[in-house]
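Everything below concerns the one structure shown next.
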Amino acid sequence: MSLEIVILAAGQGTRMRSALPKVLHPVAGNSMLGHVIHSARQLDPQRIHVVIGHGADVVRERLAADDLNFVLQDKQLGTGHATAQAVPFITADTVLILYGDVPLIEVETLQRLLKHVVPGQMGLLTVELDDPTGYGRIVRNADGKVAAIVEHKDASEAQRAITEGNTGILAVPANKLADWMSRLSNNNAQGEYYLTDVIEMAVSDGLLVATEQPHDPMEVQGANDRKQLAELERHYQLREGRRLMAQGVTLRDPARFDVRGEVSVGRDVLIDINVILEGRVIIEDDVVIGPNCVIKDSTLRKGAVIKANSHIDGAVMGEGSDAGPFARLRPGTVMGARAHVGNFVELKNAKMGDDAKAGHLAYLGDAVIGARSNIGAGAITCNYDGANKYQTTIGEDVFIGSNNSLIAPVTIGDGSNTAAGSTINQDVDKSQLAVARARQRNIDGWKRPVKIKKT
């Protein structure tokens, strides 16, 4: 069975009160439409058609990809009209219709739905709701089979009492969809072309409308305003928290934890409160992450420890290494096994060897630091001359004294020491002591200046 997917994403979202198209509003660091596209791709379709309207150029620019065919709906005349715009481009046997503002739909739910597309049958995703206000109602016949969908505004009082709602997500034979689109009418309270009308057409044509339901009603929840967007965000985060806990992670408080990307985890990981994981994050066994940390596009090897209020971005922390509190690792940083970065230390594009240490108050940019070397408090690699950046190379077993300025490009040989307060702008050979500071003078009879009174 060949598959193509149509995602309806043309709505304006006036209740968002935003210049940003509704489907581009973020949930967990990705746009709502981005989440839907991600789920769609996991179904391995031939092609994905995205129907766009309001803010079409912005949507196309943000999400352009080779497997996406953007189809313009000039006038927003309903979901049926939107779907019809994509029909001429469809060549597959089966079509799955999704919505760009329904980001939490699970791939497993869609796989179950697609299994219903067999000869003489189509699939419809419905949902049982305590309060179905606003949803189209699933009308069934005396045999319990789906007969039609009636939109809320067109429903009678008896029909509004039905608690089974239409999600709008359906899977249909492509040839049937093309026929149904040509027969749609806008003779209804809204004056729009409803996609839901195809259900009655399918029944009339003798097709069985088989239904599936999501395991969680929030899977099919859309967002029309900021409140609903926040509800989706919180539900997504709790869902991700449950997934990670099932894989061996202890979350101190799942309600105070955010995932904004893709995270893979090992066992016996401990994550404290107010931790944010962004982008692609790999966390191996026995990692401990303290409170109030942000970790982005990074790898944390087995047993790594991140202490409170640290920011890790584009870095690799080696096995048994630790950083923080208040540490910052910037892109390109690699810490070796058991390396230590303490409070108020910043590394950028720096390589630290095994057991190397920078305990506090240091900036190490564009640097290579050998194994077992120690960086004193207040040490800085002066890597930028206003136009270009240069590397500082520190060998193994080096001791860099406190308050050192290392003016790159410069190399400090293995086993060397630099004295506190030094400004090092020349290479230091192996096992040397470098002292580069003015000689102290003690001046007798010196008088402290007296403050001049203002007139």
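Quick reminder: no glycine exception, Cβ is built from N, Cα and C everywhere.
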Besides Asn383, Tyr384, Ser402, Ala420, Arg437, which of Ala371, Ala377 does Swiss-Prot list for that acetyl-CoA site?
Ala377
Considering every residue in the region 'Linker' (227-247), what is the mean pLDDT value?
97
What are the DSSP helix/strand/coil residue counts across the region 'Linker' (227-247)?
20 helix, 0 strand, 1 coil
What's the CA-CA gap between Asn383 (acetyl-CoA binding site) and Asn224 (Mg(2+) binding site) in angstrom, rounded?
49
If you compare CA-to-CA distances from Gly11 (UDP-N-acetyl-alpha-D-glucosamine binding site) to each of the binding-site residues Ala377, Tyr384, Ala420, Arg437, which comes out shortest?
Tyr384
Record-annotated acetyl-CoA contacts Ala377, Asn383, Tyr384, Ser402, Ala420, Arg437; largest Cα to Cα distance in whole Å is 22
